[in-house]
């Protein structure tokens with residue numbers, strides 16, 4: 001009995017040790033402890049390779065032991081690792097991506113025609129049950145009728161964003177929505193242009209523009225300021241001023257004086273500092289403070305006074321910087337000569353001392369100047385006017401006209417252009433740009449459109465004209481017409497109106513033929529109604545037959561229905577939502 005009682009007790013720890021397969025911690029000897037400490041010191045100094053965890057990453061030897069040691073409940077094998085200090089993947093929250101957003105404008109189309117298992121017994125939708133249905137309870141549910149099944153509601157996704165995702169103001173933005181605003185502004189501009197064109201047409205029809213164009217004062221540019229046309233325009237401008245506030249929209253300014261739409265946009269053509277010189281060895285740009293102290297054009301050989309930006313060092317020489325530097329220099333010189341003053345310790349004392357020094361210095365210069373003039377003379381030379389005023393006036397007589405042209409006297413010098421002028425190359429007798437045709441510039445001497453081509457003279461003109469004639473004959477194109485004057489356009493418009501009046505007279509004669517067309521349409525509609533009734537009867541018979549015994553529609557005719565057939569279909573169609581549907585069926 002005693003042996004039997006001891007065996008199971010002694011067997012229990014043995015089986016437990018086999019299952020755990022763990023070795024008991026052994027006590028380290030003094031030699032092992034010393035070797036371990038030496039190895040740690042070598043790793044800290046970099047003479048020995050660092051420990052590597054199970055993922056192949058190096059473990060920093062400077063990490064304390066209480067951080068790097070693995071607890072027994074995480075890894076009983078006690079392998080070197082820092083996995084227990086890192087965030088565990090199973091505890092990390094899963095956030096939605098930045099591109100996900102709620103769907104808008106989802107169309108709910110009733111596509112299903114058969115009741116589905118698990119759907120709502122009342123309406124037939126799959127997204128809810130009968131007790132959660134918002135539709136009016138039917139007398140006979142969709143489960144038993146199988147008709148008029150409601151569409152499935154669109155369930156929005158449950159989005160969970162992180163800190164940045166919740167504050168992303170552009171998440172879910174659709175750029176196509178902005179096109180609606182663009183179209184609205186385009187319609188407003190089009191309406192304004194049509195109003196302006198209509199007013200011009202009215203003035204043209206009344207003959208005001210023609211009289212103004214043919215008047216001799218208009219040809220010589222001597223128009224009276226208080227003319228009738230200007231009065232009319234001023235009155236129209238006053239009327240437009242009344243409604244300018246109604247026409248004004250955000251982003252626009254309706255200028256009634258000039259009759260144009262002015263965009264309230266600020267044109268900024270400034271260049272970023274780091275884009276002025278793309279050479280990486282040029283001036284250093286600090287992105288944190290957005291400062292570039294040195295001149296970016298220093299290596300380009302440009303004069304700092306000619307460039308628009310020469311670095312931020314100019315700030316050091318603006319404001320009170322120069323005066324403060326002069327005060328500091330005065331403090332150092334005064335301290336060397338025995339005066340105990342300091343810019344930071346005694347700023348008020350130093351400022352008063354420096355002001356008195358400047359006053360005494362100016363008085364000393366004046367006394368020195370007066371003593372020299374008394375001794376040597378020459379005061380009359382100092383009283384002369386400044387050099388800027390010596391050549392400011394002239395006695396040359398010049399007479400101008402009211403247009404600004406010189407009538408008599410010396411003509412003013414023409415402002416020089418920044419481009420090269422009167423440069424004739426490659427044997428040309430005219431400059432580049434002296435000839436223009438069909439949107440292209442060229443040389444007038446040879447009609448050549450290539451800038452660096454050699455001059456061919458009259459032979460080049462003849463060759464260009466012959467090529468144009470050959471191209472026109474081959475393509476059958478007519479030569480470009482000359483632009484018409486306003487008078488010619490007005491005459492063409494009157495001719496078109498006469499043609500329209502003649503067409504209206506012909507249309508009245510053909511009104512008698514329209515009665516016959518109505519009778520034919522009525523006959524076609526009657527035939528289409530009879531055909532539609534026959535089709536509905538055929539469909540009713542087929543629906544009463546079992547679904548598996550219905551015939552195939554393999555030889556069904558597919559063609560576009562006529563207008564009479566569509567009208568008959570609309571007249572015979574039954575609408576279940578119509579309250580008069582039961583009476584119409586009778």
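The backbone N, Cα and C atoms fix where each Cβ goes, and this holds for glycine too.
Residues or ranges marked as compositional bias 'Basic and acidic residues' in Swiss-Prot: 20-44 (among others).
The feature compositional bias 'Acidic residues' is assigned by Swiss-Prot to 235-248.
Per Swiss-Prot, compositional bias 'Basic residues' is recorded for 498-509.
The compositional bias 'Basic and acidic residues' (519-550): residue composition by secondary structure is 29 helix, 0 strand, 3 coil, according to DSSP. Annotated compositional bias 'Basic and acidic residues' per Swiss-Prot: 519-550 (among others), in sequence order.
Beyond the compositional bias 'Basic and acidic residues' (557-578), the same-chain residues lying 6 or more positions past its ends with a Cβ under 8 Å from any Cβ of the stretch are 148, 521, 524-525, 527-529, 531-533, 536, 584-585. According to Swiss-Prot, the feature compositional bias 'Basic and acidic residues' maps to 557-578 (among others).
According to Swiss-Prot, the feature N-acetylserine maps to 2.
Counting only same-chain residues at least 6 apart in sequence, none has a Cβ under 8 Å from the Cβ of residue 215 (phosphoserine). Here Swiss-Prot flags 215 (among others) as phosphoserine, drawing on a large-scale study or a structure entry.
Marked as phosphoserine by Swiss-Prot: 227 (among others).
Here Swiss-Prot flags 235 (among others) as phosphoserine, drawing on a large-scale study or a structure entry.
Annotation source Swiss-Prot lists motif 'Bipartite nuclear localization signal' at 129-169, citing similarity to another entry. Sequence-distant contacts of the motif 'Bipartite nuclear localization signal' (129-169) (same chain, six or more residues past either end, CB-CB distance under 8 Å): 93-96, 98, 100-103, 106, 108-115, 119-123, 576.
Marked as zinc finger by Swiss-Prot: 118-135. The residues of the zinc finger (118-135), classed with DSSP into helix (H, G, I), strand (E, B) and coil, number 3 helix, 0 strand, 15 coil.
The average per-residue pLDDT of the prediction over the zinc finger (118-135) is 93, rounded to a whole number.
Residue counts of the compositional bias 'Basic and acidic residues' (557-578) by helix, strand and coil are 10 helix, 0 strand, 12 coil (DSSP-based).
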